């Protein structure tokens, strides 16, 4: 009797105890999330520090983005051409580069330029609130390019997010129209870039990790940014003879920007894009708290209420995407099981026919 009663307890404890491999996988996932949040947090605050006229006072967003792209181009070329860390896709032809990568590079340069410019006019906390509109922009542009199907429930969700951001904007203590337009433009260009990646690259079977993405896209961005830099910021920099290039500040800032791209690769490659979205929500709340407590930006109750509504809308949208993904995987698994059962029946039937013919020939 004693042995009989001990067996269920042993089996139950073995099912509830996590194996070392699962614990290691969980710890690694949390480590990737922590690294990405830290680097993303660092790059945003670092850029704000450099561009803000009350801090480092170097309000040249095109120049800063140009330095980032030059640094990333150089490091990516070393990793690909010298150290051979990753292999380049064999299907990337000059024609495909011009038709697919160049438009993506142009949109990326515009997105970075405008988003960095917004830090001159807006607080870090308010910019994070405006970035909550990213799912709205991606879904709307996806429907426009027929990559997503229009659903009234999803559009209602998007309108709820937009309403929350509008309330947050209404409660912003230091509202700047030009800064808001810059950040909204950055969101629009970035959303278009993400949709075009699906249309121009993913649909053609081309998959780029962040190193190969930077190898192809960063030089293209550098060239696009040279045009506005020469006409807009270079003349001002020539007049400002008191400025001396700080290699430590800009070198560290550029290295953090490059490391952030690698962290994105680790996070999405080892977990999922949805994990990155959830981690992004945590990062935004941390940035809002940091902006209020350390940088001393004003965060009003109306700000928080509006962003809270937008946050709930984004959380529901991520939940809906996860649910749809699980249903799709379950349906595919069911189809595979059905195919396996059909194959098994055919195999059994074939073996039965062979045995029958053998018996007949022996008889």
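Backbone N, Cα and C define each Cβ position, glycine as well.
Checked against TrEMBL, the range among 3-26, 27-50 recorded as transmembrane segment is 27-50. When the ranges 292-327, 328-363 are checked against TrEMBL, the one recorded as region 'Disordered' is 328-363.
At the 8 Å Cβ threshold, with sequence separation of at least 6, the transmembrane segment (27-50) lacks contact with the transmembrane segment (154-171), having fewer than 3 such pairs. The stretch from 96-114, 120-142, 213-232, 247-267, 301-318 that makes the most Cβ contacts under 8 Å with the transmembrane segment (154-171) is 301-318. Comparing 62-84, 213-232, 247-267, 301-318 for CB pairs under 8 angstroms to the transmembrane segment (96-114), the maximum falls on 213-232. Under 8 Å from some Cβ of the transmembrane segment (62-84) lie the Cβ atoms of residues 47, 50-51, 109, 112-113, 116, 211-212, 214-215, 218-219, 221-222, 225-226, 228-229, 232-233, 237, 250-251, 253-255, 257-258, 261, all in the same chain and six or more residues away from its ends. Sequence-distant residue pairs (6 or more apart) of the transmembrane segment (120-142) and the transmembrane segment (301-318) include at least 3 whose Cβ atoms are under 8 Å, placing the two stretches in contact.
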